[in-house]
2 protein chains.
Amino acid sequence: MEELKVALLGAGTVGSQVVRLLEENAEDFAVRAGAKLKIIGIAVRDTSKPRDPAIARSLLTDDAESIIDQADIVIELMGGIEPARTYILRAMAGGASVVTGNKALLAEYGPEIYDAAAAADVDLYYEAAVGGAVPIVYGLRESLAGDNVLSVLGVLNGTTNYILDEMTHNGLSYAEALRNAQELGYAEADPTADVDGFDAAAKCAILASLAFHTRINLEDVHTHGIRDITPEQIAAAKREGYVVKLVASAKRRPHGIELYVGPSLVPQGHPLSTVHGAYNAVVIDSEASDRLMFYGPGAGGSPTASAVLSDVVAAANKKVYGGHAPRELIYGELPVLSAAESRSRFQLRMAVPDVVGVLAAITSVFAHHGVSISAVAQESVLPENKGHNRAILTVTTHEASQRALEDTIAQLREGIPVAASEGQEDPGTLPVEISSFIRVEEA
Amino acid sequence: MEELKVALLGAGTVGSQVVRLLEENAEDFAVRAGAKLKIIGIAVRDTSKPRDPAIARSLLTDDAESIIDQADIVIELMGGIEPARTYILRAMAGGASVVTGNKALLAEYGPEIYDAAAAADVDLYYEAAVGGAVPIVYGLRESLAGDNVLSVLGVLNGTTNYILDEMTHNGLSYAEALRNAQELGYAEADPTADVDGFDAAAKCAILASLAFHTRINLEDVHTHGIRDITPEQIAAAKREGYVVKLVASAKRRPHGIELYVGPSLVPQGHPLSTVHGAYNAVVIDSEASDRLMFYGPGAGGSPTASAVLSDVVAAANKKVYGGHAPRELIYGELPVLSAAESRSRFQLRMAVPDVVGVLAAITSVFAHHGVSISAVAQESVLPENKGHNRAILTVTTHEASQRALEDTIAQLREGIPVAASEGQEDPGTLPVEISSFIRVEEA
């Protein structure tokens with residue numbers, strides 16, 4: 001039986017599980033891959049650092065290039081842009097197929113790397129870059145090759161999902177939930193990449209490129225994090241039958257592709273509403289298939305290693321039997337819509353003076369900007385020490401462009417003129433305090 | 001650009017959607033497949049029968065063999081064993097790759113057909129044979145190639161799922177729900193294949209072969225239908241936090257593979273509990289990936305056509321660029337356990353005379369057969385006109401073998417001797433009437 005040389009770059013949580021599984025199931029892998037898979041070296045920056053017991057010290061090297069140059073298949077699990085990018089391009093130029101889990105790299109340099117793979121006639125696989133063990137790259141790249149994708153909606157970041165879960169189920173504040181996540185190792189000391197939505201945005205860019213066969217970069221994704229989410233918002237959402245999730249959304253609209261990552265109200269019956277903790281899920285609506293969902297652990301050493309190894313088997317198969325991975329992916333030219341053009345339902349919460357006519361005045365501002373209202377709820381009336389009582393309004397809109405919504409908000413913030421009702425003094429221009437606005441997903 | 005000749009066998013609901021989608025998206029398909037896909041003919045039994053407008057009359061032929069012999073790719077959507085089997089083998093022998101949605105054929109002759117594909121060095125794809133648009137064949141055949149599957153649990157039959165949904169949500173009897181399903185076209189005039197579990201069993205055999213790399217035939221699957229399910233059972237399940245689903249289950253046990261299809265109590269938090277109507281879902285537990293779920297429409301012309309076309313694209317890719325579909329699948333030699341050896345939790349409902357000591361007598365019968373009890377509930381006491389009052393007991397067991405459970409039931413049905421309590425006459429041997437028993441899935 002043929003033997004394929006595998007070089008591993010990186011020996012962290014995922015890398016050590018890749019080594020363990022490859023060794024424990026060596027015979028199975030040989031049958032499935034059509035060749036023995038031999039790890040010829042594991043490149044790390046510091047060979048003296050303590051490692052997982054699965055990692056044989058004799059395989060460690062700080063000379064990545066020498067193992068890359070000998071390899072048939074290079075598994076890149078270092079993360080970050082450099083030197084990962086240089087190593088991957090070097091591997092491809094030398095004729096090795098590449099398996100990577102590097103979402104940051106693909107979100108930024110994806111098209112360059114896809115082109116390099118095609119030019120070198122080698123394969124590139126990256127199932128582990130999005131959704132851990134969830135086979136969503138596969139799903140979009142191959143299972144939906146017979147269909148046209150209309151939208152991709154995902155819960156793709158376990159850290160924020162854990163934080164929002166804690167806020168929802170245990171009533172914690174954002175700061176408390178983040179601290180818990182950090183103590184449990186679910187969030188990093190600097191949580192920016194997760195809580196500001198950049199991790200989810202990178203995954204969104206990768207999935208959208210696949211779904212719409214179009215070059216999409218990280219900066220095309222309008223991104224908003226969860227730092228502003230308050231327990232009050234979560235409680236109000238719950239009362240109305242929603243849960244707050246950090247949703248990554250990529251939709252085909254009549255005039256282009258709409259991309260955003262941000263907190264959204266997800267209806268409790270929606271498949272994404274039941275995705276908890278470190279689990280990820282992706283819901284794909286397409287022309288012919290209606291709705292598919294892929295669900296599973298979105299992170300973790302061994303689930304992610306399983307995704308890496310399915311790619312290794314596919315890459316090995318091609319090395320042994322010929323053919324190549326789907327390559328003709330980025331052939332579309334759909335424009336990416338600006339954030340302002342993107343459309344959604346929205347929910348706004350605002351405090352207004354509780355006077356006769358205020359509701360008519362507010363709804364007329366929405367109407368003026370073409371934003372149609374689907375529901376208004378007056379949640380409570382707070383006594384104030386000066387002037388009028390104040391009401392908390394929750395306004396849910398039908399689908400509107402973000403621009404129209406932002407214009408509406410700007411005008412509301414300037415204050416609204418209310419006509420005096422009979423026998424009352426002219427209330428003049430009343431202040432409107434908008435405490436939050438958030439997207440609302442359709443059921 | 002190269003052109004590949006496609007022969008379609010069958011022009012029913014799925015076939016006509018395949019033709020429509022291939023024509024409407026011809027350019028996309030050409031790019032994705034790497035070749036123009038040209039339908040050279042559509043074989044039907046009766047060319048004069050009225051057809052969906054997507055089917056051009058000029059393509060219809062009753063001479064299947066002549067289009068098979070010219071084709072690069074044959075799509076078989078006739079269903080049934082013959083002549084589908086003969087046509088598929090003929091296509092392969094002639095060098096065509098085959099895409100089929102024929103679960104009955106694969107469940108019965110799968111290994112023969114897999115071998116024929118390998119011998120002829122052509123590809124066989126059958127995503128549409130299980131779960132409609134749900135890419136579960138792909139998932140098991142490729143996404144989990146880097147992992148070891150522990151269990152596959154699926155809701156795979158839309159007809160029974162619709163009937164059980166109607167019984168659960170609208171309180172209908174089985175007969176009423178079946179009649180509704182027949183009126184809506186969800187169930188056939190002869191509903192045997194669906195309601196007796198044979199359709200799900202065929203799918204279960206196909207998935208288990210893929211999951212465990214072992215030859216599994218339809219008759220290996222211990223199958224039980226839903227005809228006996230009563231509204232009382234459904235209502236009792238609901239009260240206890242379960243829903244009744246027709247579950248297809250394939251599990252790797254220490255000594256072999258355990259397969260069954262039958263009604264089961266699924267806990268309300270379980271991902272399968274939320275699968276409604278014609279949707280299908282498959283939950284896969286594996287060593288490294290933990291738990292994955294695939295969910296989507298399990299039937300219907302256009303979703304199933306989408307699955308067929310993803311296979312056509314994959315087959316075309318291989319024709320153009322070389323390589324072949326994963327083929328080294330059936331290399332395992334795990335034995336299939338008999339139904340008696342299969343293990344599960346069970347729930348039994350029984351009517352017993354309500355006398356002192358009856359519970360001790362009953363639980364000792366379970367203990368005698370090594371069946372451990374996890375819960376006993378006494379649901380209600382019915383007054384009787386003669387002798388003792390009767391109690392309805394619901395006994396839920398821990399995991400036990402089906403043989404042990406059947407032995408327990410047999411002994412209970414013989415009646416149980418109860419010792420007289422002080423000051424009472426000897427109750428003698430009391431009758432136990434077992435009204436139902438059903439499997440219980442773990443959360």
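Glycine is treated like the rest: Cβ placed from N, Cα and C.
What TrEMBL says about this protein:
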type	residues	note
BINDING	A:LEU9, A:GLY10, A:ALA11, A:GLY12, A:THR13, A:VAL14, A:GLY15, A:SER16	NADP(+) binding site
BINDING	A:LYS103	NADPH binding site
BINDING	A:GLU188	L-homoserine binding site
ACT_SITE	A:LYS203	active site, proton donor
DOMAIN	A:347-428	domain 'ACT'
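Every protein chain considered, the tally of other Cβ atoms within 10 Å of the Cβ of A:THR13 (NADP(+) binding site) stands at 16. The candidate set comprises the recorded positions A:ALA11, A:GLU188, A:LYS203. Of these, A:LYS203 has the most other Cβ atoms within 10 Å.
Same-chain neighbours of the NADP(+) site beyond A:LEU9, A:GLY10, A:ALA11, A:GLY12, A:THR13, A:VAL14, A:GLY15, A:SER16, judged by a C-beta within 8 angstroms of the site's C-beta center, are, in sequence order, A:LEU8, A:GLN17, A:VAL18, A:LEU77, A:MET78. A:GLY10 (NADP(+) binding site) is 21 Å away from A:LYS203 (active site, proton donor) when you measure Cα to Cα.
Within the same chain, residues at least six positions away from A:VAL14 (NADP(+) binding site) with a Cβ under 8 Å of its Cβ are A:LEU77, A:GLY101, A:ALA128, A:GLY301, A:THR304, A:ALA305, A:VAL308.
DSSP assigns A:LEU9 (NADP(+) binding site) to a strand. Taking H, G and I as helix, E and B as strand and the rest as coil, DSSP gives the domain 'ACT' (A:347-428) the counts 23 helix, 31 strand, 28 coil.
Cα of A:SER16 (NADP(+) binding site) to Cα of the residue listed as 'NADPH binding site': a distance of 19 Å.
Cα to Cα, A:ALA11 (NADP(+) binding site) and the residue listed as 'L-homoserine binding site' are separated by 19 Å.
DSSP assigns A:GLU188 (L-homoserine binding site) to coil in the three-state reduction, placing it in neither a helix nor a strand. Geometry remark: A:GLY15 (NADP(+) binding site) versus the residue listed as 'NADPH binding site', CA distance 16 Å.
The Cβ of A:LYS103 (NADPH binding site) lies under 8 Å from the Cβ of A:ALA129, A:VAL130, A:ASP199, A:ALA202, A:LYS203, A:ILE206, each of which sits 6+ residues away along the same chain. Each residue contributes its Cα atom, and for A:GLY10 (NADP(+) binding site) and the residue listed as 'L-homoserine binding site' those atoms are 19 Å apart.
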